[in-house]
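Noted in TrEMBL for the protein shown:
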{"type": "SIGNAL", "residues": "1-22", "note": "signal peptide"}
{"type": "DOMAIN", "residues": "184-413", "note": "domain 'Peptidase S8/S53'"}
{"type": "ACT_SITE", "residues": "ASP188", "note": "active site, charge relay system"}
{"type": "ACT_SITE", "residues": "HIS220", "note": "active site, charge relay system"}
{"type": "ACT_SITE", "residues": "SER377", "note": "active site, charge relay system"}
Amino acid sequence: MILPRPLIFLLLILSTLLLTSAFLCPNIPKDEVDTDLEQYIVYLKPPGLLDIVVDLVDHLLLLITCLGRTVQELIPGEGLFGDGPIDLNVITDLSFAGSGFRLYTGFFNPDFVENVLKKRNDVKFVEKICPVKADSAIPIYNLNLEKRTTQTSAPYNLDRIDQKNFPLDGSYSYPNDAGSESNVYVVDTGIFVSNVEFEGRAIHGGTFCGNCSSTDDHGHGTNVAGVIGGKKFGVAKKTKLIAVKVLNQNGQGTSSTLVAGLSYVITKHKNGSNKNTIVNLSLSAPFSQAINQIVTDCINAGIHVVASAGDLGQNACNFSPSTVPQAITVGATEKTSNTVTSFSNTGDCVTLYAPGRDIIAAGAGQNTFLSQASGTSQSCPHAAGAVALIISKNGNSSPSTMKNSLISLATKGILNKTPNVFLRVPTP
């Protein structure tokens, strides 16, 4: 069941008592109220102390009185609009802790958006939702761990990121605490948390795609989580992993499900005692102001955001969230050379590169499954794990300082693309 926020409920009472009789709806043609509806994300400007009640009530009255909409709070685990048919008259509040009613999604006529919503002084921007997808250029294949021989050396990708160059030495060295102090939110298709690679350190957080189960029924998120923190195949082998499911069983979602998931992460971070929070975004979308804004909100809250560069072989600056300047954006390199893969997005918005070809990690479906995949989805979690290791060795820092630390540790001058920076983890 989805319930109204207490703040909204209180303000609605105030509006009924004080402002309803004086409020005049704008002249909105009926066909702009309930026809040709499309889904949008609306970001409001932070109000001043004196304006917070008046502006908020005025905006809510527009939605409720003039459009006949119902404003409801998002409950993690029930999807963006709950299970079943979507109610086009529902406004879903996506605001994070401490922001008030600042962010929501709903269905509106495009003319109403242009003629009314975008012209309001309290609106920062309005954006039509866009598709979001997992960044894996090659499909994920499940392997059975029980049929594999005993691992006698480190996987190539881990071996590669603890040394400057080829040839590989067959070992992987990392700080002893191995990321145990950090919480890594894997914003993806979910995690198959019972896989033995996770040793009980992975849990379900929130589910934000409609008609989605909480577990990983695709495999992408489990592979990504395994690269971050699997016991044999992970970078930070003791870190905590929290699944935030925003992509469905096909590895697809929308900007609204992603914004909802990241708003949830901000709230958990602000309300939690452990501030060593890392977000892994192994996904991409067309350039989106809404996605970039919520990622920026994460970073402003002190959260380290690591994003994949994307798998179209294009300029990463044309996509989201890879275009957010404060994020750590990661491209992919080949298995046996310092060559950037042909599928990896590149350009000035990329922070550094990491292995992204034939990456083996935990798999979904059975507790002993492994999976293999290629993409910037796989290079990205190497950097997220490296951030957890830096926190283990040096303690936490601001996102900007952490990004600079990662670049400082990295190997320079060995790649064939810009930036010529390759991920390296801290030594023990």
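Don't overthink the numbers, they just go from 1 along the chain as shown.
Backbone N, Cα and C define each Cβ position, glycine as well.
Around ASP188 (active site, charge relay system), taking its Cβ as the centre, 30 other Cβ atoms fall within 10 Å, counting all chains. The two recorded residues SER377 (active site, charge relay system) and ASP188 (active site, charge relay system) have their Cα atoms spaced 10 Å from each other. Here HIS220 (active site, charge relay system) is positioned 7 angstrom away from ASP188 (active site, charge relay system), judged by their C-alpha atoms.
Taking the active-site residues HIS220, SER377 in turn, the residue surrounded by the fewest other Cβ atoms inside 10 Å of its Cβ turns out to be HIS220. Annotation note: HIS220 (active site, charge relay system) sits in a helical segment as assigned by DSSP. DSSP gives ASP188 (active site, charge relay system) a strand state.
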